[in-house]
Amino acid sequence: MEVFSFGCSSYCCSWSTTVPAIPSKFASTLNHHLLLLRNTNTRPFPSSQSLITLRRKRRFCEKFLAKMANYEGKTVTSDGTGVSSGKMIYKPILGDGVFRFDCSVNDRDAAFPSISFVNSRDRDTPITSDKVPVYTPTFECLLEQQVVKLEFPTGTSLYGTGEASGQLERTGKRVFTWNTDAYGYGPETMSLYQSHPWVLAILPNGEALGILADTTKRCEIDLRKESTIQFVAPSSYPVITFGPFASPTAVLISLSKAIGTVFMPPKWSLGYQQCRWSYMSDQRVLEVARTFRKKSIPCDVIWMDIDYMDGFRCFTFDKERFRDPKSLAEGLHYNGFKAIWMLDPGIKQEEGYFVYDSGCKSDVWVQKADGTPFVGEVWPGPCVFPDYTQSKVRSWWANLVKDFVSNGVDGIWNDMNEPAVFKVVTKTMPENNVHRGDSELGGHQNHSFYHNVYGLLMARSTYEGMKLANENKRPFVLTRAGFVGSQRYAATWTGDNLSTWEHFHMSISMVLQLGLSGQPFSGPDLGGFAGNATPRLFGRWMGVGSLFPFCRGHSEEGTKDHEPWSFGEECEEVCRLALKRRYRLIPLIYTLFYFAHTRGTPVTTPTFFADPKDPSLRKLENSFLLGPVLVYASTLRNQGLDKLEYTLPKGIWLSFDFGDAHPDLPALYLKGGSIIPVGLPLQHVGEARPSDDLMLLVALDEQGKAEGVLFEDDGDGYEFTKGNYLLTQYVAELQSSVVTVRVQKSEGSWGRPKRRLHVQVLLGGGAMLDTWGMDGEVLQVILPSEEEVSKLVSTSEKEYKERLEGVIQIPDAEELSGPKGTELSRTPIELKNGEWVLKIVPWIGGRIISMVHIPSGTQWLHSRLETSGYEEYSGTEYRSAGCSEEYSIIDRELELAGEGESMVLEGDIGGGLVLQRQIYFPKNAVSMFQVESSILSRSVGAGSGGFSRLVCLRVHPTFDLLHPSESFISFTSIDGSTHEVFPESGEQSFEGDLLPNGEWRLIDKCLGLALVNRFNVTEVFKCLVHWDCGTVNLELWSESRPVSNQSPLRISHQYEVVRIP
């Protein structure tokens, strides 16, 4: 057999190996790295950075050669490339229509246990079935990566991918499952706080199929090719398909049989919940609670963020500000509130702190590769982290939670559990950290194996601790990080969003995507977490968010207050109306959760669930279904309900409200054939009594029939599992102009409460006919003639229009004073061509806040409006003049006749100087965009000889690292030396002959892409690289000197994305 022999001799290594022949298509990759290894011998004694680079190259070669050796003798494709590929083999599992696929029998036998499945054995045990897969995935394996592809007919729509920002229909998008602290994420962010390697496909005929890549490791979900799903993750892993089934709901029910259903929530957790980072004392908490009751705004929960702790130590309370948590809980309970408290995984490394001492004694910490506890910086400072992959550690944590609950704790909030770590580029712990996991989870593995399930396992431990504390109460846990299966233990929210209209619009799709991925209990921070909401934005968001499964307002420190009464009387009234709507609909929402828990049905769904065959519904992003209720919202600042255009599904959809129609609230429609239960607009869930009046809203279908169900129990505990509940099915039927409403059947040991029943039969246009009776009796509503019905509808529509015109709308006040200064709700300006979309905010430093490369689907830069992003300074000092001034747009060209768009901005930086920036797309170069930056003299005084103060043009872009551990900077210097700068090198600058020779690259090896920054080397005096937490700065500095009319400072540079070998 032909062999190749490679060797390396350098200052620090002596290495050689002999391997089988390498296929030519991969030899170039290996030769490139070997050449770099050989070139090291020609340089002087290497720096520490050079040694790091050398080690990385050697590790790559060793891994490559070892992998190729492993393929010796294996079956290969006919072209002889050495790539293992083909159709995946399958076995039926669980039930009809569910199949497990593997690359080979050996791969099936060697697969790790499933953490996403309730019972891993269900995934591993074939069943007898005569069904065969309709769609069979193909695979390709090389260099420890397994690529799985599944192709569908043209016209297939793709959804799911778990917690994902951006559009609802996912075609064209790419997601990487790697739980990430993604503060202030944007629509193109590829990795958020949770990982769901799952896609739901809706076929052209309306049938649906789901596919799960059952791996905990980092996984790329590539949906950029139409009607095609591709997973890429380390070998090997099985994929599970569910369907095709007749409907997407059937797919989600089938999925729930594998991964489990959502936990049954305590009924109070469906009420409105108020949070803040932070309510700084128990007195402030009680003040907020009292204000809710005083203003008659419904609310059930007040949340305590991290500042309640003693120095951020978990399981402790600040001795001054929260000295008596039991008394605080009693005060809240007396007024109908529950209290939820935060617990993070980072435990302060401090002897004498009982949690740390106990954990050390029980040996519970995640370890470094050398066997010592890993220490990372979080809120308390240096911290250690529990290894929740071990049953003994989960038990240790659960017992801490049990004792913690005795302080009057009603629910627990698990935050920072990606796990997030400060002051490191990766924003998490090293991937070579060691978890000594239980064998049923995967055994001893490094962190890269367990990273994505760390949050799930923490939530599980917290949930089990709350059950230990009181087995007669249902736990409520909220988790930021999660994985497939997290819904068994915890609700979730969509993380640190922004107070912008873009994030408001996006929040609908994000909640729906989580529901389509098996997590029905979710919601955003209403009003936005980061930044100051405006009154209209906050009110609109509350109107929609009041109908999400999880309903909580939350805001960060340093922002203005974000309680419902904080934005003026008009916004306060809209919030009051919105939350009263929610409380009226809690009987419906609770019933939906009962079926989500017992059957796996969704709570909220995209509008297309009403008619999966209708392609016009598949991309609607401002409407959704809450059971049979269609919620239609305006997510545009200048478009109220009165200006909204509706796309309704086929069939009968009848509008309704509770006399609360408002231009800033969403429209509601009830599907024909449906009956929904409606309760009273209570102040908190605990006010409800079984004897309260019950309303039924009835919308008849084309056959004059309707049906609906109501689930009732104690609202907490587990008696319902023993049959102690009442499940009622109501039916309605129209015969001879009489609508008869009755109980068709009931289930459970509960007796029917003695209560009045109010039936409202919807006619359309908001009109209705009603009658009263007793629940359990047969009630009848007599319909008038068609002419009279038409008059009722016409009158109702007129009254509805007058009501909308007569109410006081929330003012369009987009400029508000506040601690954060300039508001974040103004709309950025877009510049775009065929390959790039840039977002620019002239009013804060003229900064670029987003750089999206369309062909690759990558967002290289994303920032808050008021900080980071692409900035420019006029001095060597960080954030000197130029970064925060308001810029004026002095020229703007839109795209015409193939010409790219352009913009010229100018900001006054004092002393008679302006900082001018032209951003444009060059002719005949659509793959790049150009930035021409200058410091110009406008009115420098004659007394200075026409010369300004000493200035330096400093270009300061902050690029996001999509894969921090796989990213580095590469360039060739003016003197011909090559450099690779990795994150561990910290900050480095390059001047003189070491200056990059007009080009440097930010390389992402995982993506196989590089962001190329080219510049005029004669204009640049210094280049600086600064690595930070998940970001890197590639700075260009001019020389420092005065400027005059004849001698401005300029830096001309451009950006382009290229593929790398």
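Each Cβ is built from the backbone N, Cα and C atoms, and glycine gets one as well.
Residue counts for the domain 'Glycoside hydrolase family 31 N-terminal' (148-222) under DSSP (helix as H, G, I; strand as E, B; rest coil) come to 0 helix, 29 strand, 46 coil. Among the features that TrEMBL reports, domain 'Glycoside hydrolase family 31 N-terminal' is placed at 148-222.
Residues or ranges marked as domain 'Glycoside hydrolase family 31 TIM barrel' in TrEMBL: 263-592.
Annotated domain 'Glycosyl hydrolase family 31 C-terminal' per TrEMBL: 600-676, in sequence order.
The domain 'DUF5110' (694-762): residue composition by secondary structure is 4 helix, 41 strand, 24 coil, according to DSSP. Residues or ranges marked as domain 'DUF5110' by TrEMBL: 694-762.
Averaged across the domain 'DUF5110' (694-762), the predicted model reaches a pLDDT of 98. Here the domain 'Glycosyl hydrolase family 31 C-terminal' (600-676) is broken down by DSSP into helix, strand and coil counts: 10 helix, 23 strand, 44 coil.
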